[in-house]
Amino acid sequence: MPVLRWLTLVLLLLLLVPAGVSAQSIVNPKQTYTYEQMERDLAALEARYPDIVQVQNIGTTAYGRNIYAVGLGKGLSTSYINGSNHAREWITTNLTMEMIDVYAEDYASSGGLNMKAILDHHTMWFVPMMNPDGVTLQQRGLSAFPSSAHASLIRMNGGSRDFTRWKANARGVDLNRQFDAGWYQIRNNPGSPAHENYPGTAPHTEKEVQAVVAFTEKIDPQMAVSYHSSGEILFWNYNQRGYQLSRDRQHASWISNATGYRLMGGHSSYSGGGYTDWFIDRFKRPAFTPEVSPYVGARHVPVSYFDRIWNQNRQVGKYIAQRSHDMYRNKLRASMRDGTLIINGTTYTADPGAVILDGRTYVPVRGVLEQLGASVGWDQESRTALIRSGSTEIALPLYQREAIVNGTARALDAPVQTLNGRTMVPLRFVSETIGARVTWEQATRTVRVIQ
């Protein structure tokens with residue numbers, strides 16, 4: 001009888017798991033995915049995967065809802081993916097949240113996507129719901145907003161209390177016509193706040209756009225994706241020329257082949273001010289706007305389409321992460337200049353010695369510190385160099401801008417890097433934490449370390 005009861009309990013638990021969602025999943029993407037559900041899932045993801053998931057509040061909307069960014073990974077190189085720029089396109093939040101969940105679980109379980117090999121060196125950043133006010137209005141209507149706002153919301157919606165078609169934020173500004181790229185040439189402008197297309201009185205007036213612009217500048221991603229719906233097409237081109245055009249077309253072709261989405265040409269004269277337009281114009285790097293799902297008209301995409309959308313996009317985030325990391329490493333290598341490293345009068349001959357990376361001078365941890373009498377170890381699980389020099393104990397986490405010295409965090413002027421399999425630290429670290437005397441000769445690019 002106890003065995004029977006146990007089997008019955010297991011069966012009931014299995015029945016409670018939504019169809020198509022693994023027992024390990026946190027996110028259930030086959031539902032009307034609300035702002036509140038996203039908050040609960042983000043907390044659960046951060047709790048389950050504390051080593052690789054970090055959640056940040058990067059801004060607040062006019063009605064007090066938070067705009068969340070989610071970091072997935074441990075690396076210095078970054079990529080960026082957002083969803084729900086437009087309110088009725090909230091299926092893209094389902095997609096981006098599922099992507100975070102699946103990739104994190106794959107990392108933790110060393111699964112078939114091999115995300116660990118990527119996320120140990122790269123951080124994917126997501127803003128799963130850029131427009132939480134608009135999404136909430138589209139899903140729940142006036143009941144989710146103060147009564148004092150009802151009249152203006154109805155007026156912006158053409159007198160209707162049915163907000164199914166709503167795209168804008170709750171101030172009636174279309175966030176994908178708010179970015180400072182071709183903003184002054186935008187056409188089809190209704191002239192006042194509305195359910196769609198109104199670009200605002202100037203670029204970047206809206207809190208959501210301000211938050212995303214500032215955050216993008218902060219993380220400096222190599223590639224970006226802004227998910228929209230619907231139509232199963234892919235926008236990628238905004239005034240690129242030469243190498244930039246051919247490079248971006250190559251990436252767009254891969255995404256098109258993976259998803260089956262039709263490649264579109266240049267931007268329409270009736271649009272403009274989009275996130276990816278701004279990103280391409282600002283950073284001169286690739287950015288893509290996939291329109292997921294078959295065309296459904298002026299409404300949200302039914303959740304019954306989710307399996308199709310996920311199967312088309314399951315590999316897209318991974319590809320963006322891989323290629324973004326490649327771009328970052330190539331840029332770093334292009335900036336590299338060799339220097340000469342002399343330790344206590346002896347020239348260090350191993351490779352690499354002193355190098356200049358992105359304008360900062362780096363030296364190898366083990367090569368320098370062991371010659372200065374310190375012991376150097378490596379913790380593979382945390383990817384941290386462990387150093388002991390006399391009574392001083394130091395932990396150097398890879399890709400971080402800090403050292404832990406006798407239990408206290410100390411900021412570094414540049415992040416810990418790897419080069420040819422060796423851990424490299426900024427030169428200033430050697431003098432500030434070990435107490436060695438360090439000189440730098442600019443003309444000959446020579447580092448002298450004296451204990």
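From the backbone N, Cα and C atoms, a Cβ is placed for every residue, glycine too.
Features of the protein shown, as given by TrEMBL:
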type: SIGNAL; residues: 1-23; note: signal peptide
type: DOMAIN; residues: 31-324; note: domain 'Peptidase M14'
type: ACT_SITE; residues: Glu291; note: active site, proton donor/acceptor
Need one number: mean pLDDT over the domain 'Peptidase M14' (31-324). 97
Counting across all protein chains present, how many other Cβ atoms fall within 10 Å of the Cβ of the residue listed as 'active site, proton donor/acceptor'? 20
Name the secondary structure element type, per DSSP in three states, that contains Glu291 (active site, proton donor/acceptor). strand
